[in-house]
Amino acid sequence: MTFILGLTGGIGSGKSAASQWFETQGIQVIDADIVAREIVKKGQPALAKIQKAFGDWVLLENGELNRRALRDYIFKEADARHQLEQITHPAIRTSIIQQLHAATSPYVILVSPLLFETNQHQLTQHTLLIDASEEVQLQRASTRDGQNIEQIRKIIAAQMPRRQKQAQADDRVLNDGHLEQLYAQLKPLHLQYLARSELS
Ligand code: ADP
């Protein structure tokens, strides 16, 4: 079986930057956020289930998911988020497993901001945390997304606390310097993962 690395980190920690570096080394990356968007595309079974559970108002006129309306609804209705996740989480998991199996690189990476929170780490053999201080997260994420600091603070507060992720992850890199410093830390890890993948 292919060696699967789970890569995680809070918003703005540098998960995408790290993933892109691994891709330049020929390692395939499956992004849980992208999968989450794919499984609710027009024509997908999960979207039909959402429509059945909540009503036709969840669809836009062109048949695509009305994300904004659903987000607002979930915010107001306490049980709705749970109901939605019961539909989406299994579909996300199934699609991730299919993509992991289809991967052909020496090892494969599953990147997810909620790797531990959603138990997606159980799909992996080893985990790597991209870590950054909250100040760095706030500064990078606000520059990237144009979101205000308060919105990003709320997202950070909803994610697993940094210390808990540090305790749970097998490997950790601190991404508080230049990108070159990040890559220099990733390189020896990549060599270890390659060696492990040859054994598995
Ligand atoms: P995540 O995927 O964890 O939310 P990103 O990898 O998108 O975070 O990083 C957030 C922003 O900060 C991006 O614009 C990225 O290019 C930038 N960034 C990440 N790491 C560094 C770094 N070491 N130095 C400078 N900018 C960085």
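Any Cβ shown, glycine's included, is placed from N, Cα and C.
Record features (TrEMBL):
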- G12, S13, G14, K15, S16, A17: ATP binding site (BINDING)
In the three-state DSSP scheme, S13 (ATP binding site) belongs to coil
Note: in the chain of G12 (ATP binding site), residues six or more apart in sequence with C-beta under 8 angstroms of its C-beta are A132, V136, Q137, L138, Q139, R140, A141, S142, R144, I152
Counting Cβ atoms within 10 Å of each Cβ, the densest environment among the binding-site residues S13, S16 belongs to S13
Quick note, A17 (ATP binding site): same-chain residues at least 6 apart with CB under 8 Å of its CB -> I130, N175, L179, L182
Note: in the chain of K15 (ATP binding site), residues six or more apart in sequence with C-beta under 8 angstroms of its C-beta are L7, T8, G9, V111, P113, I130
Note: in the chain of G14 (ATP binding site), residues six or more apart in sequence with C-beta under 8 angstroms of its C-beta are I130, A132, R140, N175, L182
Residues sitting within 8 A of the centre of the G12, S13, G14, K15, S16, A17 CB atoms (ATP site), not counting those, run G9, A18, I130, A132, R140, N175
